[in-house]
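What Swiss-Prot says about this protein:
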BINDING   THR64, GLY65, LYS66, THR67, SER68, TYR205, ARG217  ATP binding site
Amino acid sequence: MDNPFSKFTNSRTIQADLSLLEENYIPDSFPHREKQINDMVTILSSIMRNSRPSNIIVYGKTGTGKTSTTKYVTRMLQEATSNVEVIYVNCEIYDSPYSILVYVANFAGGEKIPELGWPVDRIYREAVDRINGTGKFFVIVLDEMDRLIKKSGGDSLYVLLKLMTDVENVKVSMIGITNDTTLLENLDSRIKSRLNQESIVFPPYNATEIRDIIASRLEKVFGPGVVDDTAINLCAAIGAQEHGDARKAIDLMRIAIEIAIRENRLKVTEKEVYEARDKYEMNVMHEAINTLPIHSKIVLLSAIVTQEIEPNSVITGEIYENYRRICEDLGFTPLTPRRISDLLTELSDYGLIVVDERNMGKYGRTRGFSVVKEIETIKKYLMEDENLSMFKTSKMTKQARFDS
């Protein structure tokens, strides 16, 4: 029997190092980000003169190169001097004063501090002492800083800014990365007065710029002629339509190449890109639904039920009534109507439902909702949650066509 893997090592298949297209890959060049790199280097160069640099706030939408550029510049800084430590903090994971202080203190060295159990003031003193003991500059990078502030207000940021002034033997500065240009507007004066920041803006890429970025990556993946120019242009156009998202364009190209390899095709064309787009959108939807809190899933389920039972009455009140019934069937305590309205807005932000204003005559205006894409797929993904699987035995199932 022939080895079933041999077809993937055949010399006539596409050979490519797709790790160069992964999200965590940091390239050694950043087309169309020369100004942002120069601005960041100029600010951080104070470290080379033994001075503390200004704090930096990096603004830009998803896929505009904020994080990868920051990682590149800080890596270059560490190559230029051994007297600096860079702490990269993912604020999706570390989103409270306690968790950030523990992470920073443990990074600075010494016996590992437990993630729970210590008073915050003790951890704070430990972090200050440990950083002081290194004798080095510290640059703390807060990626997705908006999550930190929305979760804990300005408390976490205030603690870090206070830490910067309380260390005596070393100098600490911060780089905050966010896609929210209004993030700092509502912070109180005690934080704003300490922040002393300079801003660097990463504007959305246009299609031509994204094309250049993809082409520069592909040069390192394999030689010319493997990917049609039309395929590169299509990926770039799709990324440009998504508010200049180069990350999505690169992901599409990676998936298109994977499809070509699996199908034993010798070239990547528009056909593979269209297939990649469909697969990408399904993956994004699956991930979005899979990570929703349980009540958000029930609200989405309720919107589908309402739409399939009474398509002309998909309004907040009707959705809430079905939500309440489903909660009772599944053994969950319903949230308030106001909270459900907020969850509907969040589902709209995810692109899982569409919101429109409806005129109810003498009753005023209300919000209407619709689930307009891949309803059967959304049902399937929702039913993967064991907490919702009992819905298939609910009396509402047949009306909502979940019994197939």
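For all residues, glycine too, the Cβ spot is worked out from N, Cα and C.
Cβ-based crowding with a 10 Å cutoff singles out THR64 as the top-ranked of the binding-site residues THR64, THR67, SER68.
Around the Cβ of LYS66 (ATP binding site), the number of neighbouring Cβ atoms within 10 Å comes to 24. Of all Cβ atoms in the shown protein chains, 23 besides its own fall within 10 Å of the Cβ of GLY65 (ATP binding site).
Neighbour list (TYR205 (ATP binding site), Cβ cut-off 8 Å, at least 6 residues apart, same chain): HIS32, GLY63, THR64, GLY65, ILE213, GLY239, ALA240, GLY244, ASP245, ALA246.
Counting only same-chain residues at least 6 apart in sequence, those with a Cβ under 8 Å from the Cβ of ARG217 (ATP binding site) are LEU20, LEU21, PRO27, ILE250, MET253. DSSP assigns SER68 (ATP binding site) to a helix. Secondary structure at TYR205 (ATP binding site), as computed by DSSP, is coil.
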